[in-house]
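Engineer: What follows is a structure written as structure tokens; I'll ask about it next.
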Amino acid sequence: MSDNRALRRAHVLANHILQSNPPSSNPSLSRELCLQYSPPELNESYGFDVKEMRKLLDGHNVVDRDWIYGLMMQSNLFNRKERGGKIFVSPDYNQTMEQQREITMKRIWYLLENGVFKGWLTETGPEAELRKLALLEVCGIYDHSVSIKVGVHFFLWGNAVKFFGTKRHHEKWLKNTEDYVVKGCFAMTELGHGSNVRGIETVTTYDPKTEEFVINTPCESAQKYWIGGAANHATHTIVFSQLHINGTNQGVHAFIAQIRDQDGNICPNIRIADCGHKIGLNGVDNGRIWFDNLRIPRENLLNAVADVSSDGKYVSSIKDPDQRFGAFMAPLTSGRVTIASSAIYSAKVGLSIAIRYSLSRRAFSVTANGPEVLLLDYPSHQRRLLPLLAKTYAMSFAANELKMIYVKRTPETNKAIHVVSSGFKAVLTWHNMHTLQECREAVGGQGVKTENLVGQLKGEFDVQTTFEGDNNVLMQQVSKALFAEYVSCKKRNKPFKELGLEHMNSPRPVLPTQLTSSTLRCSQFQTNVFCLRERDLLERFTSEVAQLQGRGESREFSFLLSHQLAEDLGKAFTEKAILQTILDAEAKLPTGSVKDVLGLVRSMYALISLEEDPSLLRYGYLSQDNVGDVRREVSKLCGELRPHALALVTSFGIPDSFLSPIAFNWVEANAWSSV
């Protein structure tokens with residue numbers, strides 16, 4: 001079948017190259033002979049209710065999302081511009097770094113004045129948290145710099161005060177933070193330590209005579225680095241530091257420190273430098289901070305986990321240092337939750353632009369003197385974009401599920417949230433970067449233009465793969481958690497009850513040797529092969545670590561040596577969890593067109609995930625013939641999803657103004673009249 005496609009493409013190219021018409025003595029240059037833009041809506045039909053699909057994809061707070069979209073579209077602060085007869089809003093990335101920072105702050109003030117942030121720290125409960133997450137997601141669709149500035153202020157600084165602090169901190173700081181009387185940042189990362197928070201080198205001691213903590217940056221590698229908001233706007237910061245009491249290091253603790261006065265002047269005993277221009281996010285003022293014997297009141301220790309008495313005694317209800325450190329880190333899960341969801345909305349923007357363009361842009365013809373063919377009618381173009389579209393759908397459901405378990409969290413679910421958010425954050429941000437690159441290439445040279453967004457978004461979102469946890473490190477944490485759960489259950493001879501491993505209480509699934517189309521699209525087969533892969537990799541990983549330990553290696557070093565299996569396992573766990581979320585969403589739907597299309601999307605997600613994973617052949621889950629069957633079925637699904645392409649991206653619910661000119665009348669947008 002692939003040979004036939006290659007021959008067909010060669011035939012198309014030959015026709016194009018050999019096609020030659022004798023020049024007319026009176027050539028007509030009338031507009032009718034020129035290429036015209038034809039809106040995809042004229043030829044494409046909606047085979048399902050796009051509004052219902054949008055409700056499923058957004059998951060919550062659709063009305064609130066539309067409200068903030070409207071707020072942005074009606075203000076000139078959001079860089080309204082006309083192209084091809086449509087109004088677009090997007091940042092002016094041609095501005096200097098300084099200009100981008102100032103306009104980002106002005107946009108935040110505008111959103112504040114219009115009530116966007118009302119209740120973000122002072123209201124509690126799942127509904128309030130979901131509204132906050134929805135509004136933040138729309139901020140990120142407009143500009144990642146806006147969402148990061150807002151996220152640092154509310155989710156890092158604000159949540160640190162809320163969850164690490166106690167009543168005295170809540171009363172003093174939360175309302176002022178919500179109203180931007182205080183502008184907060186979050187000083188955890190250092191030049192010498194990022195993911196390894198335990199190793200940070202900032203040191204804080206206690207002076208009982210004055211009842212003050214004294215914070216110091218003892219060496220250059222201890223300077224706080226990449227601190228969003230620190231370079232220009234923040235007045236206060238959360239400082240993560242080693243706490244030394246009477247010569248004993250009690251580990252990492254969090255403190256509140258003022259770094260600027262209300263007039264913007266840097267406070268004494270603090271030095272701040274700019275991190276400089278970046279490949280993206282230049283609307284965020286990342287800075288570096290040094291502390292030189294900075295004194296802060298004893299009350300500025302965030303003391304929900306541990307405290308220091310006025311006479312200098314260290315007290316904590318959690319005696320074990322590892323558990324205490326874990327308690328400090330647990331509230332930071334919100335960062336991974338918001339990043340995972342933000343990455344999927346970025347992929348939605350890229351796919352909306354690339355697929356809309358491919359439904360109006362033509363190239364080559366299949367017959368002599370015949371019409372040129374729409375890009376998305378080429379099987380190769382379908383192969384580039386439609387599997388990514390299906391993955392984005394599946395990951396939308398995954399991101400929604402992650403948000404739901406986060407806003408309904410309990411102490412008992414903290415471990416599961418940590419593991420799932422680590423896996424989802426890594427896989428979803430990697431997916432976004434892959435998607436944006438493919439979309440950039442799929443729109444050709446137009447993708448290089450900043451105003452067309454897809455190329456620019458790569459630089460804007462690239463940082464997601466490393467901040468709030470390097471993706472590779474996060475995947476290792478997933479594998480370690482699965483390892484610990486497996487070993488614990490086996491030692492106690494107890495059934496598996498956590499982390500989605502319940503399927504391992506049942507016999508190992510047996511896959512059929514012959515894979516028909518109906519088998520490959522069967523949800524039970526898909527579940528079985530994903531479960532088999534996770535189960536086998538977990539058993540291989542624990543066995544390999546045990547063998548290395550048996551040869552005298554430490555457990556930690558054994559993990560390091562088994563990193564390839566750990567990476568495969570982390571991916572298998574996460575992809576299975578994503579599959580389960582779209583299966584759950586599909587199961588709740590009544591019979592009808594939305595359910596039917598979602599079934600196609602789910603099968604595409606499952607099969608493209610299998611096709612792209614070498615472990616299926618490496619460990620013998622599928623034969624070479626089986627892998628060929630999977631590949632052919634993916635191509636068939638591309639053809640079946642092609643008629644739904646416009647409806648599927650329309651269901652994202654992103655207003656036209658938040659896309660780019662090439663998603664619409666790209667001829668008129670580039671006409672001489674627009675110069």
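Each residue, glycine too, has its Cβ placed from N, Cα and C.
Pulled from TrEMBL, these are the listed features:
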- 185-293: domain 'Acyl-CoA oxidase/dehydrogenase middle' (DOMAIN)
- Thr189, Gly228: FAD binding site (BINDING)
- 332-482: domain 'Acyl-CoA oxidase C-alpha1' (DOMAIN)
- Glu468: active site, proton acceptor (ACT_SITE)
- 528-659: domain 'Acyl-CoA oxidase C-terminal' (DOMAIN)
Engineer: Distance check, please: Cα of the residue listed as 'active site, proton acceptor' against Cα of Gly228 (FAD binding site), rounded to an integer number of angstrom.
Structural biologist: 12
Engineer: To see if you understand the setup: which same-chain residues, six or more apart in sequence, place their Cβ under 8 Å from that of Thr189 (FAD binding site)?
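Structural biologist: Expected: Lys224, Tyr225, Trp226, Ile227.
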Engineer: Count the other Cβ atoms sitting within 10 Å of the Cβ of Glu468 (active site, proton acceptor), across every protein chain shown.
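Structural biologist: The Cβ of Glu468 (active site, proton acceptor) has 27 Cβ neighbours within 10 Å.
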Engineer: Within the domain 'Acyl-CoA oxidase/dehydrogenase middle' (185-293), count helix residues (DSSP H, G, I), strand residues (E, B) and coil residues, in that order.
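Structural biologist: The domain 'Acyl-CoA oxidase/dehydrogenase middle' (185-293) comes out at 6 helix, 53 strand, 50 coil.
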Engineer: Tell me, how many other CB atoms lie within 10 A of the CB of Gly228 (FAD binding site), whichever protein chain they belong to?
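Structural biologist: Here the count is 26.
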Engineer: Under DSSP, the domain 'Acyl-CoA oxidase C-terminal' (528-659) has how many residues in helix, strand and coil?
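Structural biologist: When I sort the residues of the domain 'Acyl-CoA oxidase C-terminal' (528-659) into the three classes, I find 108 helix, 0 strand, 24 coil.
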